[in-house]
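Notes to accompany the following structure.
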Amino acid sequence: MSKRDYYEVLGLSKGASKDEIKKAYRRLAKKYHPDVSKEENAIEKFKEVQEAYEVLSDDQKRAQYDQFGHAGANQGFGGFGGGGDFGGGFGFEDIFSSFFGGGGGRRRDPNAPRQGADLQYQVTLEFEEAIFGKELNVEIPVEDPCDTCKGSGAKPGTSKETCKHCSGSGQVSVEQNTPFGRIVNRQACSHCSGTGQMIKEKCTTCHGSGKVRKRKKINVKIPAGIDNGQQIRVSGKGEAGVNGGPXGDLYVVVHVRSHEFFEREGDHIICEMPLTFAQMALGAEVEVPTVHGKVKLKIPAGTQTGTEFRLKGKGAPNVRGYGQGDQYVVVRVVVPTKLTSHQKDLLREFAGQEEQDDSLFGKLKRAFKGE
């Protein structure tokens, strides 16, 4: 299933301002948050809104998304948050605090489903591998539900008990003296961490956490035409969710090794081709390396050093599937450092014959200097 456009997710046009993006996110996050929404697919919608906001609220990520779409949306994405929240730097409490002045809004249900943490994996590709794409089997460390206790954290054959300190509510009342008098606040129970349940006998495998550290093998398809610094999102391959929530995502960040002959500029490939003075002066047909194999290139007589030739369709494929780049060949004259006596005599004879024509002689000197 293809991903929806991020602007469409937030109900915005492509030219939306940062303030409009933030307002749209706050409205939709409040609407779809699992603690509030009764819609069946609220978790997925909240996750979709969160993902769109994370990209469009960041100038660099937004520019990458506008240029490359979902394939390049997260270029340069930094570290990822922990698995105990829906990630993203603008939480549900922020939404309510903006309406109620902070602290007085509804608290998150600790037993509500929560998305698992996102993971990041760095991979280095050869120049040609990035051009043509490849499949990789990567091994990443993840926290998965404990097989022994099925993720409950309790010893098999036992179950969690209702917390006696909060009577299973997950919250306790705390009185505070303020300049306005004594007030009573509700806060998370410290004994059960707000869950309302206690583990009397912990699982000996996971020690009550309900999770164990494992190494998981994941197949990752690198699309043809991916460039250095771009990343691939593998949905649902991050950390396991909490309380039945969806798993996080895996982000594979691509690094491409430099090539000794080719350079890349977007979908185009650039190279320099050394030629002799005779080839450029008299014309020649030469073989030029490309990532697709060698091709023949005709050099017209009188070609000047620095001249650029275009090999159509010999560049990198567009990572979004929009055609193929070209290869540009820049020719450079190579001045010989060692000459035989015969070669020197021929050059002196040539120089003597053409010395009367200052313009031609000047061109010759500039050609040998590589200007």
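A Cβ is built for glycine as well, from the same backbone N, Cα and C atoms used for every other residue.
Annotated features, as they stand in Swiss-Prot:
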- 5-69: domain 'J' (DOMAIN)
- 133-215: zinc finger (ZN_FING)
- 146-153: repeat 'CXXCXGXG motif' (REPEAT)
- Cys146, Cys149, Cys203, Cys206: Zn(2+) 1 binding site (BINDING)
- 163-170: repeat 'CXXCXGXG motif' (REPEAT)
- Cys163, Cys166, Cys189, Cys192: Zn(2+) 2 binding site (BINDING)
- 189-196: repeat 'CXXCXGXG motif' (REPEAT)
- 203-210: repeat 'CXXCXGXG motif' (REPEAT)
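What Swiss-Prot annotates, mapped onto the structure for a quick look.
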{"residue": "Cys146", "record": "Zn(2+) 1 binding site", "CB count, 10 Å": "19"}
{"residue": "Cys149", "record": "Zn(2+) 1 binding site", "CB count, 10 Å": "24"}
{"residue": "Cys163", "record": "Zn(2+) 2 binding site", "CB count, 10 Å": "20"}
{"residue": "Cys166", "record": "Zn(2+) 2 binding site", "CB count, 10 Å": "22"}
{"residue": "Cys189", "record": "Zn(2+) 2 binding site", "CB count, 10 Å": "21"}
{"residue": "Cys192", "record": "Zn(2+) 2 binding site", "CB count, 10 Å": "24"}
{"residue": "Cys203", "record": "Zn(2+) 1 binding site", "CB count, 10 Å": "22"}
{"residue": "Cys206", "record": "Zn(2+) 1 binding site", "CB count, 10 Å": "21"}
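Compute the center of the Cβ atoms of Cys163, Cys166, Cys189, Cys192, which mark the site for Zn(2+) 2; besides them, the chain residues with Cβ within 8 Å of that center are Lys164, His165, Ser167, Gly168, Ser169, Gly170, Gln171, Val172, Ser190, His191, Ser193, Gly194, Thr195, Gly196, Gln197, Met198. With respect to their backbone Cα atoms, Cys146 (Zn(2+) 1 binding site) and Cys163 (Zn(2+) 2 binding site) stand 23 Å from each other.
In sequence order, Asp147, Thr148, Lys150, Gly151, Ser152, Gly153, Ala154, Lys202, Thr204, Thr205, His207, Gly208, Ser209, Gly210, Lys211, Val212 are the same-chain residues whose CB sits within 8 A of the CB centroid of Cys146, Cys149, Cys203, Cys206, the residues recorded for Zn(2+) 1 being left out. Same-chain residues lying 6 or more positions outside the repeat 'CXXCXGXG motif' (203-210) and placing a CB less than 8 Å from one of its CB atoms are 145-149, 151-156. In terms of DSSP helix, strand and coil, the repeat 'CXXCXGXG motif' (203-210) has 0 helix, 0 strand, 8 coil. Between Cys166 (Zn(2+) 2 binding site) and Cys206 (Zn(2+) 1 binding site), the C-alpha separation comes to 25 Å.
Sequence-distant contacts of the repeat 'CXXCXGXG motif' (146-153) (same chain, at least 6 residues past either end, Cβ-Cβ under 8 Å): 159-160, 199, 202-206, 208-212, 240.
Note on the repeat 'CXXCXGXG motif' (203-210): its mean pLDDT in the predicted model is 89. Here the CA atom of Cys192 (Zn(2+) 2 binding site) lies 17 Å from the CA atom of Cys206 (Zn(2+) 1 binding site). It is 16 Å from the Cα atom of Cys203 (Zn(2+) 1 binding site) to that of Cys192 (Zn(2+) 2 binding site).
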